[in-house]
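TrEMBL annotations:
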| type | residues | note |
| --- | --- | --- |
| TRANSMEM | A:12-33 | transmembrane segment |
| TRANSMEM | A:53-75 | transmembrane segment |
| TRANSMEM | A:87-104 | transmembrane segment |
| TRANSMEM | A:110-128 | transmembrane segment |
| TRANSMEM | A:140-160 | transmembrane segment |
| TRANSMEM | A:200-220 | transmembrane segment |
| TRANSMEM | A:241-264 | transmembrane segment |
| TRANSMEM | A:276-295 | transmembrane segment |
| TRANSMEM | A:302-323 | transmembrane segment |
| TRANSMEM | A:329-348 | transmembrane segment |
């Protein structure tokens, strides 16, 4: 018997986790002498009450959807890919290379080719840890985290020594040609008398992320591959019994995972910065872990969790702008949410299960 | 009978959510007796014992120990009340010695040396009193399963238990080891100890207990004197209706050899050679039963034939050699060739527990074109055929959308069986078909196996239940330490002879059976220990 | 004092223009954070000085992410802060993409460059670090007994090479036989704040015979100065006056008056004159530090030599090669 109804597991547990995190954050804010209520109002107004706030929220959301899906694919195959960060960095390199060196006639073509490049580069970066896990039993957690460092070093070398324009200070590529610039929400939705999303970085890749959610669902729950990945994830011995090759599933799942992480770079590199900067990923690969955990590795959950983290990021920026809450404490608040929704999931779940058991007995 | 009962339970009830695991249980266990508790899986035996040992708290009811009302909120309280428990899965630290394990949690003080010295003396005394000889300085990992069980019993006695609960103690033992255990229990009874024996094996109940209580669906249906009952009556009490303990079958009419195995070898990833040259032939229309104590290569035999692991040697299916490693050697290829496989462990192999029943009904056959429409899986068609199968095989509840873990063991096994035999295979591999399956479903599954045999399938059956092997097999092969020790016809052998073979004793050694058993077991353990190093 | 007059000249003329007093200035620190003991902290000091001198207030923010660069610029501009002062070359490209949307707001990029013909409301403030470094090179060459001097840079970027190149030119112009050892701490932003590695690099240079080491490495330089003081040799500080960190052990500091740039930009408010401002020796934007802490180290002879060099550069008699003009250095190879 399932201990509690599915809706409670999917909705109530994360909701209570968030409330707990919010409560603790409120105490933190109170402790440094600011008003938690004002802070919350500020966050909501800054992130959700203005179209440009939404533009930033959705920009971050796009990143987190991709990295969340990246972690979720691996979760379904019972692997912990903490290498999303590095895979996204290398994906960004792929984006930069095609944008810089292929003369595209139109952004749509550029987006198509860059998507492919980002996915392929990210996937290849995940291939080596996947191979090592599948064939040599090297633990994927260790190898992927190491590959994050290697990715950072590779990117650094390439940017500093190969792709940096002469005389530039930044370890970054030149700005991509105008034909590769993606339409932002401002370009798409703003009218002369209603300047929506002014200056916000959200762009068409958001729709690509939504599309990725749908594709993720289709592949995972409607295709043979997804069936095999999920079966393998639940029981390796059963997978062997059914003739599902652990090596193949491990590698394929990691390729998909790395590809999704790589695609995150479309948003940051092609959509926002329009050039490749050193620190384009900014930890989104790690946030993806929390997003996937909170979203129960399901695309709908991941979308909602990514939205929440997008809100936290944009709201956090607003706090930094208008209050004297130092940025370190804003990071603390974001970390609290990750801690409660990701790591301390069972802390909420177990008492809740007991409550449901008691309720049922009473009924 | 003026003596107070050693244990008396009055009106014990316990519910887990909507499931009433125990309802209004009343039972009296008299001192100095062996009291059997028998019931199907999920009848509530384990819950009741867990309440007695302080793992669960009863919702209602009272416990009396030696006539005094006693609260048992945790296992320390149970130990203090003189109750000891020997679990089915031993709770021993593998790389500690026997002595260290015995004092673990019962040390006299912060320094170990005095405790160890005292324990050594007590242990020596206990060993002499109860025929419980174990080398106190041996590491647990070097002991056979039977000896490990003795350590568990010693642990309980060291804690001065007067009441000993044993949960399915013979599940992991050879018949010879089980006999030894029963001699130990006899000795304990003679010394005035009280023993509660939980089992699902009617034979054991009849053999050793004084009184037996039968549980069904959380309730206690009867407590009777063993001498005044019969296996048939107990089975009926357990299931609630008349049960056929014997499988009715006509003699087999074996056809051509279908599955021919020659010198099959397999080494696991720890480097232990699990199959050491197995040769077998299974004909169409017969059941070949593999008997053996768990862990002697039967699992690996099924896995190697079923394509779950690589092997060397040769397997011929209808005269055609199958690849044993590399491409075309996996489970999917074997299925395509006509070998169906009901694995030993349906929970970790045969089914994906969180998957729905309909997803599970095509597991392993999901690449079949019938399961696909274009790039997607044809879920509508799969659901439809799942519904059909579940109805035909009487899977309850017949709801394909339910997750596999929500079905009972018997119904899970029916789902696996339905899936495997629906494709009309030539060979059917069946491992532990009735492990953890209720008696009602056992009957169904046994009948189904005989029906398939009569339909001309070649069936290879692995079971650790000798009764089952006897009931179903047309020929019996005994496995020990990765080898076939011998083959017998069921009508020309008995449990004793098979028991010796299961312990690795060949006919030539049979002069001094006990010594031979010990020798062969030790040889096997040493070999495995070496491979692990 | 030329810098002051340059600012004040335009400021005084327009001081009474209506509206100017309504807007507070804003300051955006680069990712390194406000208290980096170097560049950003100098900006913060300048802003504090502004607030203390004028009694005005200002708004500041430490950035957390790349995307926030543009966001902070826009939000401050929308909220009416004027001018919006930013530190670090990384801010120049976000300013380029934002400036046109807020024509009434003045943006200042310190260390960055935005084309004034495209964005008339942006002031780019650049420093002639190579000229200041040249002077410290002259002093280092004169103070060295071994004839070997060291340079330790932070992150290996053209800006830091510009420091190193100017320094090497000053050394070699004074003592053509001198050896200049140059090391960079790293190639990522982490190189700005790695004092341990700074110590290691300094020890390595000392073992190669260096007895004066110039650290242009942000927080990493703290380690360099410490190692030099421990080994009883001389070091040269950077950006702010770091002579006081180890009195008598720091030969001098290459001053880069970010604080003055911030203070003066803020003081001018909305009427800030935009364009490109190159602050060199002539404008006192860069220079070398002389105070009580190092008075004993700088002999009269050294002082006259370095002052002469300074006059020659201002007069155009000596041209210090700017590494970033062509990514090459005649005096040092990297």
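Backbone N, Cα and C define each Cβ position, glycine as well.
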Within-chain partners of the transmembrane segment (A:12-33) [C-beta distance under 8 Å, separation at least 6 from its ends]: 39-40, 294, 301, 305, 308, 325, 329, 332-333, 336-337, 339-341, 344-345, 348-349, 352
Interface check, the transmembrane segment (A:200-220) with the transmembrane segment (A:53-75), three or more C-beta pairs under 8 A: yes
The transmembrane segment (A:302-323) touching the transmembrane segment (A:241-264) per 3+ Cβ pairs under 8 Å rule: no
Sequence-remote partners of the transmembrane segment (A:87-104) [C-beta within less than 8 Å, at least six residues beyond its ends]: 66-67, 70, 81, 110, 113-114, 117-126, 147-148, 151-152, 154-155, 158, 163, 173-174, 176-177, 179-180, 257-258, 261-266, 268-270, 275-276, 280-281, 284-285
Sequence-remote partners of the transmembrane segment (A:53-75) [C-beta within less than 8 Å, at least six residues beyond its ends]: 45-47, 81, 84, 87-88, 140, 184-186, 197-203, 205-206, 208-210, 212-213, 216, 220, 229, 233, 253-254, 256-258, 260-261, 263-264, 267-268, 271-272, 284-285, 287-289, 291-293, 295, 297-299, 302-303, 305-307, 309-311, 313-314, 317-318
